[in-house]
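If you check TrEMBL, you get these features:
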- B:6-29: transmembrane segment (TRANSMEM)
- B:36-56: transmembrane segment (TRANSMEM)
- B:62-85: transmembrane segment (TRANSMEM)
- B:97-122: transmembrane segment (TRANSMEM)
- B:142-162: transmembrane segment (TRANSMEM)
- B:191-214: transmembrane segment (TRANSMEM)
- B:226-256: transmembrane segment (TRANSMEM)
- B:277-296: transmembrane segment (TRANSMEM)
Amino acid sequence: MAESLLALRDLRKHYGGLAVTDGVTLDVLPGEIHAIIGPNGAGKTTLIHEITGVVAPDSGQVVFAGRDVTRLSLPRRARAGLARSFQITSVVAGFSALENVALAAQARAGSSFRFFRPAASERALNEAAMAALSEVGLADRAAVPAGALSHGEKRALEIAIALATQPRLLLLDEPLAGAGPEETERLIALLTRLKAAYTILLVEHDMQAVFALANRISVLVYGRVIATGTVAEIRANAEVRAAYLGEDDA
Amino acid sequence: MTTQLLLVQALNGLQLGILLFLVAAGLTLVFGVMDFINLAHGVQYMLGAYLGASLAAATGSFWWGLVLALPAALLAGLLLEVLVFRHLYARDHLAQVLATFGVILFLNEGVKLVWGAAPLQVPIPALLQGGVEIMPGLQYPIYRIAVLVAGVATACGLWWLVERTRAGMLVRAGASNAPMVSALGVDIGRLFTLVFAFGAMLAGFAGVLAGPIFSVEPGMGDNVLILAFVVIVIGGIGSIRGAFIAALLVGLIDTLGKSLMPDLMRLFLDASAARQTGAALASMLVYIAMAAILAFRPAGLFPVRA
Amino acid sequence: MMRGVWLPLLALAALAIAPLAGFSASYEMTLMARAMILAMAAVSLSFLVGGAGLVSLGHAASVGVGAYAVAILDANGFTDAAQVLPVAIGAAAIFALLTGAIAIRTSGVHFIMITLAFGQMAFFTASSLSAYGGDDGYTLYSRTEVAGARLLENRLAFHYICLGLLAASWAVASMLLASRFGRVLRAARENAQRAEAVGFTPYPYRLVGYGIAGAMAGVAGVLLVNATEFVSPAMLSWQRSGELLFMVILGGVGRLWGAILGALVFVGLETWLAELTPHWKMIFGPLLVVSVIALRGGLAGLVAPRHG
C-alpha cells in the first residue's frame, strides 16, 4: 500500500456526553478521490473541522504528508498544502473573481509583507489566477465581483481558489450543495477533470455523484467509520445499507 | 493609612460599585439582547440626576423628586428609543457608536442650556442626614449607607426579575440567542423597548442617588458611561451576575486606588507631584484591569454566548 | 473605486490656492491647518476601519503620543525635526504595536472597548505627567525646527507642509491598501475564514497595519502640537477618538478620501455652528444622528454610490 497523503489516527472528540468523532481512522492515498458519506448528524462537519484545524480533537492524530499537523492552525495547514472549499460558499464578495484567486496565488508566491507595488499589477499572480480560473471554466468572468456570480459559479470559484494554492490535497465540503441540475452536471464534469491531477477528499450528499467520482468511500455513522472500500464494496456492504442507505434522502 | 480609613474607602468603593452596577445593568442587557452599543446610556444617568435635583427643588422634598424622576427617566428613555435607537438596531456597531455619540453631544449641551453649566448642589434628605458609628470613633454618613442598601436591594430585585420571571427568562434567552427567541413568536422589538426603558430608569435611579454625593453637572455621565462599559466588558456582555461582580470590582479598584496611589507615589515623588501622578495612575488602574482580563479571557469573566 | 475622487482632489486644490486667494487671515489659516491635520489623522483611522476592519475608539491616543513626544523633547531642548520626527513617529508606532498586540486578539465590540481602554490609559498617563503640565497641558518653548530654520513659524510654510503631508498620507495609505499586504488586510476584513483557508493568519497583518496607522497618527500629532504650540491630555480623550471616527463615517467608510471630506466638513460645520450659537452642539449632535441614519455610504456614497 502506498504511503497515505492524509492519515487520521483514532480521532476522538466529545461534546458533553456525545461522542461526535468516535475513534476515526482513515487514509487518503495519493491520487485518489476519497469520499466521506454519512447521514445527517454522522459527524462529518466536525471531522472536517478536525482535518482542517478549526476544531482540535480530544485525542488522536492528523498526519498530513508524513507530518503530524494535529495542533496546527487552519492557515498553517493551508500553507502545508491542504486546500479546502466550504459547505457554505466562502469567497471575498467585494473582490473580483480574479482577485479572489490571485489572493490564493499570493499565499504561495513569497512574502505578503510587501507594501509598495500594487498587487493587482503583479503579472505572475494574475497569470496563475487566470490559469486556475480557466481550469474551472470561469476565465470570462474574471473581472466580475465574486458577490455577483451565480451560485454554481461561486462554487467553481472556490475550487479555483483552492487550486491556486497549489494544494497537495483538495478537501471539498459538499461542493454540489445547493446547485441546480445543470450546475451539478457542470461541477461533476469539472471534478472529473480534476481527478486526473489532484488527490481529493470529497464530502458529499449526492450519492449519484459520489458513486460516479470516488475511487474509495468511507461511511461515517455516529462518529465512527463503519466501512471503507471501493464503490462496489460499499454498495454491497449490508451494514452500510442498513445504517445509511435507508435514509438516503436526507 | 489606617484600618479605619481603609474601611471607609472600601465602603465608598462598594457604593460607587453599586451605582455603576445600576448603570451597567441596563447597558449590558441592551447590549446582550440587541447587540446594540448605546454610548448615550451615560447621559440617562445624568438626566436622572438633573431631574431628581430639579424635581426635589420644585417639590421641596428629595423623596418626591425621587418618585417623580423615575417615571420621567423612563419616559426619556422611551422617547430616545423611539426617535433614535430603533433606527440603529440593524446597523453595524460603528453606526451605533456614532449616532449615540451625537445624542450625548445634544443632551450634554441641552442640560447646559436648561440648567446652566454650574454644578447643582443637592441637599441630603433630612431623614438620612448625619452619620452612624461603624467602628469606635468612626462615623460613616447614613446617606451613603442608604445608597448601598438601596443599590443592593435593587440588584436583588433585578436578579429576581431576570432569573425568576417569564419576562426575565425571555431577556436571558434573547441575550444568548436572539433569533431563537424571535422564532418562539416573541416580539423581540417590544421586549427590547421594555428592557431599554427599564435600563434607562435604572440609570436614572443611579443618577438621583448620586446627586447628593457627587456634583450634578453637564458631562457627569461620560465618565460613568466609560466605567460602566468597562464593567460590562469585564463581566461578560449580557451577564447581570457578571456586571454585578465587575461593578463592585471596578468601584473598589477605582476608589481604593485613588486613595492609596498618591500615598504610594510619595515614596518616589514630592507631595504635589505625587498627588497628581498618583491620581492619574489610579484612574488608569481599572483600564489596566480590563485590558489584563480581556487579554486572558477575551469574552469577559462570565461570557453569556458560547 | 476611483469615481468621485475628483471631489477630494478639488478640496486639496482649493486648500492649495486658498492662502493665495485671500484667505490668509490668521484665523482662516489656523482653521485650515486644523482641518488638514485632523484629516490626516482621519485618513490613518480610515485605513484601519475601512481597510483592515479594525474599529478603534482610541485613535486619538496615537495622535497624542506623537504630540507629547514633541512636548517632552521640547522641554529637554530638542526641537530639530531630524530628531523630533523619528522619535514622535517611533513612539506612536510602538504605542500602537504594544496596545494592538493585545487588542487585536479580540474582535468586534471587545476590540472597540479595549482600544477605548488603552486610549483612556494614555489619557491618564498624560494627566500624570506633572513635569509636562499634568491636566493643564504644556506650552512649547518653540516650534519644531527644520534644519535649524524656524520654518514652521512661517504660517504659509506650515500650511503647505500640512497640505503636503495630508496628500502624502492619503497616497501612502492608498498604496498600502493596493499592495499585497493591503490585499490580505482587505480580504481578512471581509472574510477572515477565506483568508485563513488559503494560508494567511490575519493577526500579524492586522498588527502591522495597526502600527502603521499609529505612526501616521503620530505625524498628525506632531503637526497638531506645532499648530497650537500647546498640548494637553484633552487631545487624547475618548471624545476626540469619537470625533475622528465620526469624520471617517461621515466621509464614508471604505474610501480613504472620504475621511478627508469628512474631516473638512466636520471642522467647517463645527466652526460655522459655533459662530451661530454657543450651544452649537445641540445642533451638531442631531446632525450627527441624522447623518448616520440617513447617509449610509457617507459623503463619498453621495458622489459615488456603490453597486450591489
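Glycine is treated like the rest: Cβ placed from N, Cα and C.
Contact between the transmembrane segment (B:191-214) and the transmembrane segment (B:277-296) does not hold: fewer than three of their C-beta pairs are under 8 Å, each pair 6 or more apart in sequence. The transmembrane segment (B:97-122) shares more Cβ pairs under 8 Å with B:36-56 than with any other stretch in the list B:6-29, B:36-56, B:142-162, B:226-256, B:277-296. Residues 11-12, 14-15, 18-19, 21-22, 25, 124-125, 128-132, 168, 171-172, 202, 205-206, 209, 212-213, 240-241, 244 of the same chain, all 6+ positions outside the transmembrane segment (B:142-162), place their C-beta atoms under 8 angstroms from a C-beta of that stretch. Across B:6-29, B:36-56, B:277-296, the stretch most heavily in contact with the transmembrane segment (B:226-256), judged by Cβ pairs under 8 Å, is B:6-29. Cβ atoms under 8 Å from those of the transmembrane segment (B:277-296) belong to residues 227, 230, 233-234, 249-250, 253-254, 257-258, 260-266, 269 of the same chain, restricted to positions at least 6 beyond its ends. Non-local neighbours of the transmembrane segment (B:6-29) in the same chain are 38, 41-42, 44-45, 134-135, 138, 140, 144-145, 147-148, 151-152, 154-155, 158, 171, 175, 195-196, 198-203, 205-206, 209-210, 213, 224-225, 227-229, 231-232, 235, 237-240, 242-244, 246-256, 259-260; each lies 6+ residues outside the stretch with a CB under 8 Å from one of its CB atoms.
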